[in-house]
Amino acid sequence: MLPSTSVNSLVQGNGVLNSRDAARHTAGAKRYKYLRRLFRFRQMDFEFAAWQMLYLFTSPQRVYRNFHYRKQTKDQWARDDPAFLVLLSIWLCVSTIGFGFVLDMGFFETIKLLLWVVLIDCVGVGLLIATLMWFISNKYLVKRQSRDYDVEWGYAFDVHLNAFYPLLVILHFIQLFFINHVILTDTFIGYLVGNTLWLVAVGYYIYVTFLGYSALPFLKNTVILLYPFAPLILLYGLSLALGWNFTHTLCSFYKYRVK
């Protein structure tokens, strides 16, 4: 059995729900269970979530092999434990406070920046990207012979979180140690270091996203998800030639947000 949700029509005259409706009810129940566990920290496996975070840097394929195992044992691709999301949120809060400190922001400015980053950059943009990728993958990437299967929205969101974590660590943590004394010095070395960190971070996001969708056996042509590497490398080269410092732009944007 392919690890996905079957959507074959099984409508009967006796009023029994077809498989599509049943899948929706099942998805709703799983979503409710996931949200309920957000407030039950003792039920979360933080050790396993931390292990996943480590392997997203060293061997992201191993993380997606665990998604296969979850599908076989719990009949769903998406995580049923919000521990990863909780740890990611903690990382995001701590690193954003660090950004506020490095940019010499006051207490209330840092809190305002934190709300912007968490609610808009992480949650809002994350929901938008997950929904877009969920639609594209189901609309254009499902194999013709596998039309009875679809990508779970929760899985699309998990793929985004997986890809977002390395980007967060590189741009919101590692970069902090270089901002004031290297990156923002308005020199070639400054924007070389800063823009290279951006190249690695965004490249990681693209690659981990590709791995997430290529792990689904009922999808085709997932290699197209690697195509953004071409404009990314082109943009990187142009930025060095034109002296465009991505991190300087980000810092200016953050300061503008909290005015």
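Glycine too: its Cβ is placed from the backbone N, Cα and C atoms.
The model shown is predicted, which means the values in this text are computed figures rather than measured ones.
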Based on Swiss-Prot, are T73 and D150 on matching sides of the membrane? yes
Based on the annotations in Swiss-Prot, which residue of S6, S19, S146, S252 is described as phosphoserine? S6
For the transmembrane segment (164-184), which recorded stretch in the set 83-103, 116-136, 223-243 gives the largest number of Cβ pairs separated by under 8 Å? 83-103
Take every residue in the topological domain 'Cytoplasmic' (209-222), average their pLDDT values, and give the whole-number result. 94
